[in-house]
Amino acid sequence: MPELPEVETTRRGIAPHLEGQRVSRVVVRERRLRWPIPEDLDVRLSGQRIVLVERRAKYLLINAEVGTLISHLGMSGNLRLVEVGLPAAKHEHVDIELESGMALRYTDPRRFGAMLWSQDPHNHELLLRLGPEPLTELFDGDRLFQLSRGKSMAVKPFIMDNAVVVGVGNIYATEALFAAGIDPRRAAGGISRGRYLKLAIEIKRVLAAAIERGGTTLRDFIGGDGQPGYFQQELFVYGRGGEACKVCGTELRNVVLGQRASVFCPRCQR
């Protein structure tokens, strides 16, 4: 599933080609995504100029002069730029055609993504209760410490809770916990403030590094420019269960937390 770095990579790839451009038409070949694409999307968006492309958590917000297209890539979706008129392959469900001669093409084999329209996106029900962005000053170790008090749940699903902080998905939670030396099974409420300060720093570092390297391509993610991400080459623990820890050589262990697979080093993480 595309996580925050992959979505931010997509935003950075498509924004220069969209911002300031006018939409000539919207071609929808399949409306049945996680939520149906609005029947009147073409009417609402065509003729409008795209003002700004933003990201909120794992949602892309394509802001027009009036209204905003909210897009989510789901489990395996992607957005990329193609030339208008390029024949669509299977699973290529939407083209937003621009007067420049380019089109933003949405591909989603599993159809778990979304394309919705809103006049007030930040108050949309999907975005309204989201926590702070992890790479801003609104997120820090003190927030983690305060929100974790009294919680018996494991720390990994705690930091993956979008009400606590957005965009810390399975890959990056696993890597940040390793970097901070924290066992992902440890109760969130039993971790000290000092360790949370360290964890917040590592969450920011890991996410920033992944964005810089274009995200993590583990299966089928490609960025808005059609290129894969390269952060998978720097993964220390994610997907490496049973292999030797790159730091100490101990065999990495697999565990399931919050219905998600996780990997950790029993020696480096306490």
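The backbone N, Cα and C atoms fix where each Cβ goes, and this holds for glycine too.
These come from Swiss-Prot:
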- PRO2: active site, schiff-base intermediate with DNA (ACT_SITE)
- GLU3: active site, proton donor (ACT_SITE)
- LYS58: active site, proton donor (ACT_SITE)
- ARG260: active site, proton donor (ACT_SITE)
- HIS91, ARG110, LYS151: DNA binding site (BINDING)
- 236-270: zinc finger (ZN_FING)
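The shortest Cα-Cα distance between HIS91 (DNA binding site) and any of the active-site residues PRO2, GLU3, LYS58, ARG260 is the one to PRO2. Nearest to LYS151 (DNA binding site) in space, judged by Cα atoms and limited to the active-site residues PRO2, GLU3, LYS58, ARG260, is ARG260.
Around HIS91 (DNA binding site), taking its Cβ as the centre, 15 other Cβ atoms fall within 10 Å, counting all chains. Within the same chain, residues at least six positions away from ARG260 (active site, proton donor) with a Cβ under 8 Å of its Cβ are LYS156, PRO157, MET160, ASN170.
Across the structure, the residue listed as 'active site, schiff-base intermediate with DNA' and ARG110 (DNA binding site) are spaced 13 Å apart at their Cα atoms. With the fewest other Cβ atoms inside 10 Å of its Cβ, the least crowded of the recorded positions LYS58, ARG110, LYS151 in this structure is ARG110. When DSSP labels each residue, the zinc finger (236-270) comes out as 0 helix, 12 strand, 23 coil, counted as helix, strand and coil in that order. Within the model, the zinc finger (236-270) carries an average pLDDT of 97.
Neighbour count (other Cβ atoms within 10 Å of the Cβ, all protein chains): 27 for PRO2 (active site, schiff-base intermediate with DNA).
Taking the Cβ of GLU3 (active site, proton donor) as centre and 10 Å as the limit, one finds 22 other Cβ atoms among all the protein chains shown. Maximum C-alpha to C-alpha distance over the listed DNA-binding residues HIS91, ARG110, LYS151 is 42 Å.
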